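Q: What follows is a structure written as structure tokens; I'll ask about it next.
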Amino acid sequence: MINVESIWEEILRYLKDRITPDGFHTWIEPIKAKLEGEDLIILEVPNHFFVEWISEHYLPIIKEAIKKCGIAEVKFEIVPKKFKFEPETEEKKVFINYGINIPEKFTFDNFVIGECNRFAYAACKRVCEGLGKYYNPLFIYGGVGLGKTHLICSIGNYIKKHYPYYRIFYTSAENFFLELIQAIQEGGIIEFRNKYRSLDLLLIDDIHYLIGKERLQEELFHTLNYLQSRSVQVVFTSDRPPKDIPTLEERLISRLNQGLVCDVQPPDLETRIAIINKKALEENFSLRKEVVLFLAERIKTNIRELEGALKRVILASQLRGRELTIEEIENLLRDLIQKKNGFTIEDIVKEVAKEFNFEEELLKSPQRNKNVSLARQIAMYLCRRYLSMSLLEIGSYFGKKDHTTVLYACCRIEELKKNDKNFAELLNRIINRLNNV
């Protein structure tokens, strides 16, 4: 007889090393395992929502873990959670420290304005002149590291400073979702709604996390309706405009477009120079003009990378007790500096799609065809290896908001590369073409 407890503990250990702590705590820990027959494990989960979410995001890695333990088959059995009424205690009352979660380093005063972001900056300033009066909701979109979070937090910090009695809350769409799931699990949906519907200003970062999450979209739609009906200001950021977010409901797209949609672009040369000079001044560090120009010309992708490069240069100069030469800086930043023919995430998608004879958009679609999934995993792996992108950023680009999907893709490609000679050759073909872009 199989000891299901020890097997499940082994599976949990396997999953814990491969899933983020938040994901493991939210989705894996609530699962109850029991044995049926000789080699069939039934995984009991709290509700149907769990079944859909686990099937979409964690089923491959769970199957992989189960296979390693010699279990042949898995099925899900729904066990609705039974809630027992308990009088509310002081410990259970919801307490919100309004505004304290907004990063204080982001303000309008230290935001560098250029042609790439001037319109979005002006829109944010206008919103602060009268919450709920002008652009509601305000929707800011653009690529990674271009200042969206800086702008949305600047609004929050401005209002917190000038109207300290206002109820302000800043969160990411992912945290909003995790709160919602916890509320569903614990029977606290009323408290959840009351928290978000009692605000004077709601700021939600990375709203593209909504992709494929119907329950989250529904809750956000009703929250947005409620707040707008009371002229409460809402501000969103995303990596793309509402109409380009896959699986987003039409009614929600309509609501998001009701206010103002504006974008931020990659910084031009003049803006990059201004950013470097401003950051160097903040660090009380003097840079030669040729160094400023070198950094601005060679690091073009986003502001985050530019600031990271500057910090490296400053630290290296301080450690050596002198200014660095251009050659030393080039060597120091060799992993960041773009070659003239350096490739981007768009180049990766193009070359992978070309190798598989796919349309490029197919890689960013939710389609799960075996070849499409493999191609998408290759693209994710290449982004992780060659571009300075986080798991979440890569997942966001490919419409797979859960960063565990990207982590699983990278692990799988590494495994295939080691064990499959033909696959390794295919991967090298793509990499060689990218190096010649």
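Just so it is clear, glycine is given a Cβ too, placed from its N, Cα and C backbone atoms.
The shown structure was predicted, so the numbers you read here are calculated from the model rather than taken from an experiment.
Here's the feature list from TrEMBL:
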REGION    1-93  region 'Domain I, interacts with DnaA modulators'
REGION    101-317  region 'Domain III, AAA+ region'
DOMAIN    134-347  domain 'AAA+ ATPase'
BINDING   Gly145, Gly147, Lys148, Thr149  ATP binding site
REGION    318-437  region 'Domain IV, binds dsDNA'
COILED    319-346  coiled coil
DOMAIN    344-413  domain 'Chromosomal replication initiator DnaA C-terminal'
Q: Just name the winner among Gly145, Gly147 (the binding-site residues) by count of other CB atoms within 10 A of its CB.
A: Gly147
Q: Which residues of the chain, 6 or more past the ends of the coiled coil (319-346), have a CB below 8 A from one of its CBs?
A: 288, 290-291, 294-295, 298-301, 305, 308-309, 312-313, 383, 386-389, 397, 434-437
Q: Determine how many residues of the region 'Domain IV, binds dsDNA' (318-437) DSSP places in helix, in strand and in coil.
A: 82 helix, 0 strand, 38 coil
Q: I need the neighbours of the ATP site defined by Gly145, Gly147, Lys148, Thr149. Which other residues of that chain put their C-beta within 8 angstroms of the C-beta centroid, in sequence order?
A: Gly142, Val144, Leu146, His150, Leu151, Thr237, Val264, Asn302, Ile303, Arg304
Q: With an 8 Å cut-off on Cβ-Cβ distance and a minimum sequence separation of at least 6, pull the same-chain contacts of Thr149 (ATP binding site), or say none.
A: Pro103, Phe106, Asp205, Thr237
Q: Can you name the residues of this chain that are 6 or more positions from Lys148 (ATP binding site) yet have a C-beta less than 8 Å from its C-beta?
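A: Listed in sequence order: Ile140, Tyr141, Gly142, Asp205, Thr237, Ser238, Val264.
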Q: Kindly assign Gly147 (ATP binding site) to one of the three DSSP-derived states: helix, strand or coil.
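A: Gly147 (ATP binding site) sits in coil per DSSP, no helix or strand.
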